Structure formats: C-alpha cells, structure tokens
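Here's the structure we're looking at; comments come further down.
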C-alpha cells in the first residue's frame, strides 16, 4: 500500500515535470528565431540587479535607466569632452553669466503633449527650489542659476547665473533630465509620486511591477530616429547566481550586472555569448574621517596613502579585473582629470613620515602608539552586502600592519553602514563612488562642501583659495587648469584614497542583438545602443571592446 | 459552559501577547541603526546631501515626527487596518501584502502539504518496517535531506533542471509575456512554482518523517498494539487506526506551528528563485528600512503564529480525547478543592 502511495506521488511529480518541459521549449524557440543581421529586433530581455522604482528621480536612481525615458538638453553626459545639443537645438554663451538655449520644436511627451520651453524652465526651477536629488546642485549651487526667462520667440531660454558659469552646456545641460511640466506641477510630494515616468526619451515605460520587472516600448516618433529594438523587457533579478543562470538558460539576453571573474571563462565558451569590457568610471575608495584624530593630519593621511599596495589588491581581490588606483582621485578616464596625478606605493617613506609625526611603537607589539603614548586602533567600516569591499578592507588591514598602524574591519548591514557614514560615525570605510562623483568636475567642488571629501566650515586655506580662483575663472580652459591643481593638492593629502578603478564585464547573447556601443560611464546598456547610427555618432559613443 | 470560560481566558491571554508583539514590531526595526535614505538616494548621492536635506527627506517620507507620535499613528492604524504607506513602494502596505500573500501561500502551502503527506506516509512505513533494509534506506535518505541546507538544494535544482536541462524557468512567479489564455497562465504559474515547491518540500520533509517515525515507533510498542494484533485486526487498520492515530499528536503540533510560519514565506528559497513572496518582501524591506512595510509583514507573521497556536490550543481536546478527559478531570479536582 505505502509503496503504491509513494509510487503515485513520484509519478505525479514526474508527469508535471514532463508537462512543463514541453511547454517551455516551444516558447524559447520563438524568441531565438528572431533576427540575425537585421537591425530591427522585436524584443530584448535585459536582467537588472536592482529595483529603483517607477523611474521617479526623487525616489530611485539608475542613470542609464532614467535616460531611456528622459532626455537632457545636451547629450550624452558631463563625462565626455564635448557633449552635443540634444533636446536643445543650440546653445550660446553671451557673457560670463548668460546663456541662450534654443530648444528643438515638434517633440512630444510620451502622453502626446507638446514639449515646450516652459517644460525646461519649470524643470530647472523645480530642481533649484524644490527638494534635493542627485541632480539639483547643478542649478542651485555649482553653478547657481539666478533667473530663467523664455524669450519672445517662445523657443529660446535665457539662463542667468549668480557667478561665471562657463560649463553650463558641458555639465549642467548634459546632466539634468527634463521633466514634463503638465505632470510635475501637480505632484504634491515628489518622494511619494508613483506614476510611471513620462518623458521624451526613446522608450516609453509601459509597465513596472515592484521587485519583478520593467517593460518599455519603443517611442517610434523619437526625434533622433526610431529605436532599433521594439520592446525592452527587464526582469529584476537581485541574486547574482540567479542572474547568470537566467542568462545561460537563455531567459534573458544580457544583464547590467558585471560578470564575476570566476564566471568569465564559462560564459566565453558558451556559443553566441560575447563578453565586453567597459570602464564604469567609478572608484573603490578608502575614506578617512578627516575630522578626527589621527586622520585630521594631512601628513598622516598621506602616509596611509603611501602605505597601500594597490596593485596587490587588484590581483588578489579582483583577480586582475580592474586597475590599481595609482593615478589617484578622480577617475583617470575622465577628460576633467589631471593626467599627471600619481599616488605611489612607498612603505619606507610612509614609515618615515609616521616616525616624524611621533607615532612610534614604544611597547614593541608591532603597532605604533599615538604621540601621547596611547594605543592606536582604527576601524574600517564596510557594508556586508559587498564581499569584494570586505576583502579589500581585510587586505588594507594587513597592509597597514606593515607601516605599524592597527586597523580592524567592521562589517555591518548596508543601511547601518550608510547611516554610520552619513552621520559621521566612522573612522574609515571602503566603498564605491560612481561617475557623478568622480568624473564630473563641478561635483568635485560640491564634494568639498557636502562633508564627503571636506566640510564647508572646516578651514582648508589652500583649497579655499583654489576654489575661489575657480569661481572667478570665466572660461572652461581656465577652470580646467585650476581643477587640475585642486586634484594635485587633493591627492597629496587625500580624504578618500583611490584604491582601484573597477572594470565591468558585460555578457550578451550576440545572436539576439549585437549592436551595442559603449557610452563612457554607462557601460554598453545605454540608450545609444538602441538608437540608429546618426544618434550614436553625436553622442561620443565608442565601439564595444570585446574580451578575447 | 466551562469550555467557553476557558476559551475566553485563552483569548484574553492572546490579546496581551498581541499587544506586546505589536509594540516589539514597532520598536525593533527602529532600534536597528540606519534609515530609508540609502534606498532613496543611493550610496553616491547620500554622501552629497547636507544634514538639513536629509531631515527634509525623512520628513517628506512621514518619518519626521517623534517616536511617540509615530507609535500612536501605528497603533491607531492597526485597529483600523491602515498600516500606512510603504516608503519603498509608495502604495498602501496592505496593497503590497495582498499582492504577495497568494504567491507565498501557493509556494509554502503546497510544499507544507506535500511535505506532510510524504513525511508522514514514509515515516509510518519506515516505523512499520523498522530495522529492515527499506527502513534503513529511507532513514538514511531522509537524514541526508534533513542535513542539506534548502538554498543549496535550490541552487542545484536550478543549475540542473533550469539551466542544463532547460525544463523550468530560473526566476520569478510568472513570465513577463503571457499568451493570454487561462490555461497558458496556469501552466506558466505551475512551471515557475515546481522547483521552489520541491525545494521547500525536500528541505522540510525530513523533520516530518523523523517525527512520525519516532512517534509511530513509540505507539507500536504499546500494549494495545499487541492486543489489537492478537484480535486479528488487519494490517492496514492496525497501522492507520491504532498506531498512526495515536502517534499523530506531536505531528499535529508540528504541523500547526509550521502553518503559523507559512505567512512568513520562505526568505531564502524565495530569494534563490527570485520569487515575489512575503519572505523576499521582508528581506527587501529590512534592507530598505521601510518601517511601515516591516511593521505590516511582522504583524502578518506574528498574527499567523499566534492564530495557529490558538487553533492548536483550542483543537487539541477535540483532536485527542485523552487531553480533553485529563483536563476535565483536573478541572473538576480543582473545583472540588
């Protein structure tokens, strides 16, 4: 009897398995039989590792995703040498503080309303006067836009800045997504706004299911040409293993999650799979609490920087997938970064500096004590969600022992970690800073005011002088030269030390779609990868670099 | 009458428990360091915000008032079934819960029943054949299963049945694209659910089996079994009516308790399969420090456990006459004294 029961159960299970397998294989056949050599693709499935909400820039941020739906006046981003007019038809600087921008006509929002100069004026004023998000300081502080007027022709806007603003076109215009006035003027609390985003961009967001997926449809009337892909489906898969399982089984065609070093070989052997290497314009940094002892000493910070063997972190932790942070902060690939920067590794000099500062190992336990003779033990805070940073912190701990400084790794859950760092309740930390932080020159100034790299009220005469020179400079060239000096000064006494520049590897099924391009700082999944040739050309995109 | 009074007494106790739980549910998430700002701004932007900007943001998320104010709003909300708005999802907490509960019920409910049926039948079978080769084979198998962590079974299943063989999808509860027919939808849901259900079943079947087996062995050794066997009762009736029924009490307890945790979902398995159930919701809400959502999920889970306990408490006597009689005897003794 029992045998029968067990037998029946297993039979039932087998039947269900068999039933489902047949239905699955038939649906897969449909997807892969689509195009080859044909630019038009019906559907592309991109796995995304996190959920940033219905693309409301006040509640979540993932720039490449926001960019699919929204456009900016200039394109592609502030991270390239010369961004080009996009929603703007042209822009002209009249004097140090005045800009005229003429917008393109005939563009429509995804809901059919006309895009007008009113939308641009509204957006910029909203960013300037409304609640903060990652874009707002570009109009409210660096630079500071005083007035925005629409001229008589109805298509030209006049921006007047509080002080010289030579980089409006290259930075501000290239960074701020334009919002539709007719929707946003009625939004009561932007942080609780959950309607699907409406933009002018190449894709319309048609569905969003929290923690499950995004769906986009091509905006066939797009002013830079109809997208090459009709539909983008983006399941949200948070777990890394699950993501690459889905890629290998063919349920998704590509993912924005970087391929872990240990998976590269396997994926490369898979037919139809191509791997592309990109520079994400980000830095993994060793942040120091410059307001507390001993990090408030610039020599001490310099000694720490000298004592770090960045090369060995890259080869051990990243298995070589990345570059050692020997060219300092900000990111060396940004056109705004001084190419002469260098942060050498020199244990001897580090030791000498610490000796000179009076940090000596008087009790011979292998670690230096403070000049007052007290024990010196410092924490490295790190988020438990980032195994690579934990390992990096552990290596730092070992390396710092070489120069006699005792560090201890303190791992905490992500929200606790962020709270600790943002409330100044830390001694040092290891974390990542993205393109906006390390490739945007205006942000470098902001970071020195916001407490990230420095705090407004703390004296820093050399930097203050450079900043005031910078504010008075009226051309981009002058400003760039001063920025370079600031960066040199910064790297001599860094408050966040560049450890390495990560590299990102994208894997994609080339049989389904093979028209990707790289947009600096955004990888290969960016809106230009899905736009016709002309649009890619004006946006400084580069061909995909395949991993051999 | 007496039974009714006892029920009332029990309910009184439970109300106290619920009140304490409600308070803990409110306090615990807030005791943990951190706030929802990370979710809103991301690691890069949060470093750029000033303290005033952060305060302003918290305020606009409804987390500005004092703790007492927040606690009062929360308590009021519980009794009017208004748990507030989720910070992360921006919609009512109840709405998010209502969306997730069916998925978890489907997954964990099915697995619970499968695990019970398989575990109990295999346990009974094993006990009846104690010491024989088939008993040892099943026992070894079940012990092995019991000691393998569920997430590992899940990862193996995915890699074999979903990636290598391609029989099942690797993530989610439904496909993003549907063919539009009801039958197609059902097939889609079933094919997404099979691997996670099997995983949870395998991960839990061991305990059901071991419990049944040992409980059965105990009742098989009782004198009444010998008597029953001597009376010439058929084997089937012996096993089901005499042995298994007597052995069922601990299994029933175990089962009701697991029904209580049912609503908590299966955090790990739901994560491995990217399944949109309550367990994953809980995990997401913890990382985002979505306080209202956390309160909602915790409340649901604790209510589930309390309710299951209450039901177990109240139904024991109906289920097992021995408990009923003993209690009644005791009660009488006390009143006599």
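Note: Cβ is positioned from N, Cα and C throughout, glycine not excepted.
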Of B:212-238, B:293-319, the range TrEMBL labels transmembrane segment: B:293-319
Of the residue ranges B:77-102, B:103-128, the one that TrEMBL records as transmembrane segment: B:103-128
Feature transmembrane segment in TrEMBL, mapped to one of the ranges B:12-32, B:33-53: B:12-32
Segment proximity, the transmembrane segment (B:103-128) to the transmembrane segment (B:189-211), 3 or more C-beta pairs under 8 Å: yes
Beyond the flanks of the transmembrane segment (B:293-319) by 6 or more, those residues with Cβ under 8 Å of it: 7, 10-11, 14, 17-18, 21-22, 25-26, 28-29, 74, 78, 83-84, 86-89, 93-94, 96-97, 101, 248-249, 252-253, 256-257, 259-264, 278, 281-282, 285-286, 327
Cβ-Cβ under 8 Å with the transmembrane segment (B:251-273): same-chain residues at least 6 beyond its ends: 100-101, 104-105, 107-109, 111-112, 116, 120, 150-151, 154-155, 158, 170-172, 195-196, 199-200, 203-204, 207-208, 211-212, 215, 279-283, 300-301, 303-309, 311-312, 319
Positions on the same chain near the transmembrane segment (B:103-128), where near means CB under 8 A and six or more residues out: 134-135, 138-139, 142, 173, 189, 193, 196-201, 204-217, 220, 239, 243-244, 247, 251, 255, 258-259, 262-263, 265-266, 269-270, 275-279
